[in-house]
Amino acid sequence: MKSLVLLLCFAQLWGCQSAPQGTGLGFRELACDDPEAEQVALLAVDYLNNHLLQGFKQVLNQIDKVKVWSRRPFGVVYEMEVDTLETTCHALDPTPLANCSVRQLTEHAVEGDCDFHILKQDGQFRVMHTQCHSTPDSAEDVRKLCPRCPLLTPFNDTNVVHTVNTALAAFNTQNNGTYFKLVEISRAQNVPLPVSTLVEFVIAATDCTAKEVTDPAKCNLLAEKQHGFCKANLMHNLGGEEVSVACKLFQTQPQPANANAVGPVPTANAALPADPPASVVVGPVVVPRGLSDHRTYHDLRHAFSPVASVESASGETLHSPKVGQPGAAGPVSPMCPGRIRHFKI
């Protein structure tokens, strides 16, 4: 009898520790494809994207689990597990998420797994807790789907570093205004055929002009950060190398006082020989935030900076999606996990 009492006590203690802080012990399970669950999940992903510091924006792929806890004295707390997928839009890109393409499996996709606790009280949502991590698709799965598709390559790979330096030098060469520095290597792949290296990276405007830079270390980033996102390809030909780079500037870049009156255009392309002119100074590749750059992707575990809370009026940040009503006949769908919106990794 004493053993049974002790067992019940331990069960109650475990339940108290598992429940989100401030809730009662009672909860209800909500179907993962319920419009209510989808609305809260979209809000959670929106919160995630608003606080990403590096890497790429995320899109909701699947809701794995939902519990709705009663909160004393008022409100409810949604405890959710969701899967996300990386998009092609960088975290700093102001492009609306709806206009961002999902990174496809053939591009070596990366999946995010997130746990959220979201309070709903008086029609207001507040994110109380967030914990995420990322996992790329396995090389084996990519090879099965597309044997010749390039895989993710470490940021500190020799070809990657060389391509980023060369591409940034090419961009600064054809730019008559602000000198840009590297902020982050976002993605890299070595392509076997034709032999080339693909890179995506973030740049930022400095207080120097591109034509007058002699020591990049003396160029400081502007107080109000002005970022751009670049994609580059370095072809390894028999007769040498050729780089092509295209950069999208997220805002109109202010020019230093002694700069040319004509500033850089929002999108710039360059196709130049790999070796920059002697007058062009290439700064070293930056290793951001002290993380080892044998990484091949930006893990949400490090890229996401959680904030204590973010309040959002229910209907201001997102709208409930149109969810089809179930037919009169047919098998009953399981409550969870929910539907896969794109593809499963």
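Along the chain as shown, the residues are counted starting at 1.
Using the three backbone atoms N, Cα and C, a Cβ is placed for every residue, glycine included.
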Among CYS100, CYS132, cysteine joined to CYS114 by disulfide in Swiss-Prot: CYS132
Annotated phosphothreonine residue, as Swiss-Prot has it, among THR135, THR153: THR135
Swiss-Prot annotation, phosphoserine - which of SER244, SER279, SER309: SER309
Candidate annotated as phosphoserine in Swiss-Prot, where the set is SER18, SER312: SER312
Recorded disulfide partner - CYS32, candidates CYS247, CYS336, source Swiss-Prot: CYS336
Euclidean distance between Cα atoms of CYS32 (disulfide bond) and CYS132 (disulfide bond), Å: 19
Between ASN156 (N-linked glycosylation site) and CYS336 (disulfide bond): CA-CA distance (Å): 40
C-alpha spacing of CYS247 (disulfide bond) relative to CYS208 (disulfide bond), in angstrom: 18
For CYS247 (disulfide bond), the number of other Cβ atoms found within 10 Å of its own Cβ: 25
Between SER134 (phosphoserine) and CYS114 (disulfide bond), the C-alpha gap once rounded to whole angstrom: 9
The domain 'Cystatin fetuin-A-type 2' (144-250) - residue tally per DSSP class, helix then strand then coil: 24 helix, 51 strand, 32 coil
